[in-house]
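> Have a look at this one.
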Amino acid sequence: MNTRVLGLRANRPATHAASHAASHPGTHPVLQRRQLERLSLAALLALMLSVALLSIAIGPVAIPLAEVLHTLGALAGLPVAEVAPQHEAVILSIRLPRTLLGLLVGAGLAVAGAAMQGLFRNPLADPGLIGVSAGAALAAVSVIVLGGQGLAFLTQALGPFSLPIAAFAGGLVTTLLVYRLASRDGRTSVTTLLLAGIAINALAGAGTGLLTYLADDQQLRTLTFWSMGSLGGATWPEVGSAALLIAVPLLALPLLARTLNALLLGEAEAGHLGIAVQRMQPLIVALAALAVGAAVAVSGIIGFVGLVVPHLLRLALGPDHRLLLPGAALLGGSLLLLADLLARTLVTPAELPIGILTALLGGPFFLALLLRWQRRTA
Amino acid sequence: MKMDVRPPVDAGSTHTLEAAGLCIRRDGRALLDDLSLSVAAGEVLAVLGANGAGKSTLLRTLSAELSPGRGQVRLNGRPLSAWPARELAKRRAVLPQHSPLDFPFTALEVVLMGRIPFGGPSSEDVHRAARALGEVEIAHLAERRYTTLSGGERQRVHLARVLVQIWDPLPEREPRFLLLDEPTASLDIAHQHATLALARRWARHDLGVLVVLHDLNLAAQYADRVAILKAGRLLAVGAPEAALAPDLIAEAFGLPVQILAHPELGCPLIVPRADPSSAPRRPALRAQASQTTQTPDHREL
């Protein structure tokens, strides 16, 4: 009883201080919020790790969490108990690469989405919606279908990296194209942005369709995977190439967070704040296209991750890119793994293409956003 | 008619933001035509002119957003192109007419972006930003989302943002400059005056203010000097009493005006000449003007 009264008394000066915080820099709400923000990043990290463990444990062969932890411990060189070799094989050759690939692709797509939204100064930009994923996919499909013939010089020159590099180039070209179309005098028109996305998606779709028509039976199977998206083909080499390419934007874009914040004010305004806009914009475009291209190269078109994840984070943490970008990487990885978990367990033993699942969940989300945005600007 | 009241171009001056012989052409049209003008530390210079006279182009050139085809802009004696972007940002801040910002930052977070040239926002920066919001009389909106603010409130948030950008004196009192592009456009009349009074207050010996205005009377009341542009050329520049002459205003705006003396301040008070045919019917006034022709319907009223 006594302690509770004391506790109440101790609390009072604290709330009093908060209400007068504006005059005391040390206790200003902004600074208090910053601590909360650090905590929320830690929470997102914990979420990602738990989802990753679940993703390794759950599947046609259920593996106890303890064995998952033991296998991972053994990988890290820790002296841990032996694990059933069959389970160990499933973890090491199937579940772990797939989980890592899901984390990388989800993180890459979400960070690229957040960066593009900053670049376009619009929360509705998404690599899938504005045609970047489709452009990357078209380039990748070209390499698959024409790799033996017209583009043979490319596949010979670039070897195993020809697919991700082609996807990156396709993504880069489409991002630049959309940016050119939708930006005038440092202002971005959302209408033009989305309309350009429709046109580019249609064009890239037609190109992919034409290549599908030319493809042989074996290539057709691969192509289906591209158009619907899947983590099903995850192998260690794929994880390696994705990690190598996606790591660059994952590490570099958060360093550009302040630039992206300034760009939200407008291009001229960012320039007035001392940002080298002409140099930074192409850099951001290239980094975002690299993330999308690499993600598309290993998993096909998985839409809406880049739209939904940054939006959820902005609702919870605000639009500051210093928090948004690392948060998007963590939450993007977690959500894509969750979606993959659903995709491969909902209709066992078959597997849903994950791209269909994210479209089913993300489509209505996007429509709701669009309605709200329309109401606000009407 | 071109008044020869231009200041002599002093290339060696280290306490001005000065444009010398600026020419900018777009699509065969001269936006700025051999324009020379300078703002000195400590003064408020109002730039006036009709729509399309080149006011915004001048401001964009002075802020290094546009580079002139010919001519040069120097800040504290150094050409703009010789300043690193970040150093320039510590010396001059620019208030845009509109910002496309459409993300739910809090007002305080938007103001804090003014500290970007100085590195990450510190707790002192938060303190500065809170005080800047006080300067523009919206301290109570600090934690409100920018997207929920009215047009006038947003404009004041940006004013606070440019204030924190040049908040502290520079070493050796090197002059700072504030460029305001129609800062009163979306403000009510009380806040129009508050904003100009703030510009007046901030124009200290190491800070010069250039403000693009439409309201001639705000310029007459608050500016040390006014510059009038017409078709990309400087028509006149000087103290409001000299430059705001009826013939110059008529030439710049195509509007005949009458200049009275402000009843309290003595500065020029510009009143457009009346065109009776476009005035609403005001029986009482007309009655005063011509007492002999009072008509029966007036008595009924």
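Cβ coordinates come from backbone N, Cα and C, glycine included.
From TrEMBL, for reference:
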- A:41-63: transmembrane segment (TRANSMEM)
- A:100-120: transmembrane segment (TRANSMEM)
- A:132-155: transmembrane segment (TRANSMEM)
- A:161-181: transmembrane segment (TRANSMEM)
- A:193-215: transmembrane segment (TRANSMEM)
- A:235-257: transmembrane segment (TRANSMEM)
- A:283-311: transmembrane segment (TRANSMEM)
- A:354-373: transmembrane segment (TRANSMEM)
> Do the transmembrane segment (A:100-120) and the transmembrane segment (A:354-373) share at least 3 Cβ pairs under 8 Å, sequence separation 6 or more?
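No, the transmembrane segment (A:100-120) and the transmembrane segment (A:354-373) are not in contact.
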> How about the transmembrane segment (A:283-311) and the transmembrane segment (A:193-215): do they have 3 or more C-beta pairs under 8 A, pairs 6 or more apart in sequence?
no
> As a test: from A:132-155, A:161-181, A:193-215, A:354-373, pick the stretch that has the greatest number of Cβ pairs under 8 Å with the transmembrane segment (A:235-257).
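Between the candidates A:132-155, A:161-181, A:193-215, A:354-373, the best contact partner of the transmembrane segment (A:235-257) is A:161-181.
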